[in-house]
Amino acid sequence: MVPSLALVPGEPAGIGPELCIRLAQQPRSDAHLIVYADPDTLHSAAKALCLSVRLLDPDQPARLPGDLPLHPIRQAAPTRFGTPDPANAAAVIAGLLGAAGDCLSGKLQGIVTGPVHKAVINAGGIAYTGTTELLAAQAGCPVVMMLANSIVRVALVTTHLPLRAVPEAITAEALARCLRITATAMQRDFGLEHPRIAVLGLNPHAGEDGLLGREELDVIIPVLDQLRSEGMQLIGPLPADTAFLPQKLTDFDAVVAMYHDQGLPVLKYSGFEQAVNITLGLPYPRVAVDHGTALELAGRGVADPSSLLAATALCARLAARS
């Protein structure tokens, strides 16, 4: 039996709805997709693309190009592509929490999410820092953000923090939690019995024996030593400027970076179109596109669906394993 997955477009004025319409043009055999969105927005996106869409009841199978099972989420205001309306912030959050709630109840087996506009959600009166944080709070469990493409997987100890706040956030507890969640996910979700995880240092040259900072000596190395004694295969701390050399990437299954812009530029350079965002640690698979709302492209029919296609395929595989 194929898994049932929620598909949440995200910001209705962005490219999320039209990417869902494109996805619906190719019926899948690996998953039953149910889109959590406003039906009028989906019809408008289909019209803008000159493509057909037939919205079905959630339990109806998609058999023909354009078939799209729908869990309706009504917006407060009509969609104008390229122009977000904070009045629709509640609908965006309702779609995310509704889909995730159905995963927690066992009704669905995974969730694929499109891009959300943080500023618009907050302008709508809802405190929101990101979908990863939202779903973690709902599930009540610690999570790790991992971005991946066909070349490399990168997990983050810290995510959306100002750079000046990062050193203080790199605690022994935070690092150990990130490494344990990453290792467990590599085993459970990716089938790697003994995952090899590279760990980057925080400072240039991984601190150079304390000359360029003491975080490696005081925090990172003691944590790695402790977890190695528990059986984890950890490499590092490695200098970030050489860790991603092609000949080194074959030596490990995932990389743990200390902060957002330390690990992600290389991943995005090596294959941005196919990159996806995976939330490790949730009780269900959640995979997201690795791009923004692209308001300037919305409704024009030129948005690249590669990341959504990759996210959906990966979520289906992860859900089938769980």
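From the backbone N, Cα and C atoms, a Cβ is placed for every residue, glycine too.
Some features that Swiss-Prot has for this protein:
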- T132, K268, N277, R286: substrate binding site (BINDING)
- H160, H205, H260: divalent metal cation binding site (BINDING)
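Overlay of Swiss-Prot annotations on the structure.
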residue: T132; record: substrate binding site; DSSP class: helix
residue: H160; record: divalent metal cation binding site; DSSP class: coil
residue: H205; record: divalent metal cation binding site; DSSP class: helix
residue: H260; record: divalent metal cation binding site; DSSP class: helix
residue: K268; record: substrate binding site; DSSP class: helix
residue: N277; record: substrate binding site; DSSP class: strand
residue: R286; record: substrate binding site; DSSP class: strand
Fewest-neighbour residue among binding-site residues, criterion Cβ within 10 Å, set H160, H205, H260, R286: H160
C-beta crowding around K268 (substrate binding site), within 10 angstroms: 16
Residues T132, K268, N277, R286 [recorded substrate binders]: greatest CA to CA distance in Å: 20
Surrounding CB atoms that lie within 10 Å of the CB of N277 (substrate binding site), all protein chains: 22
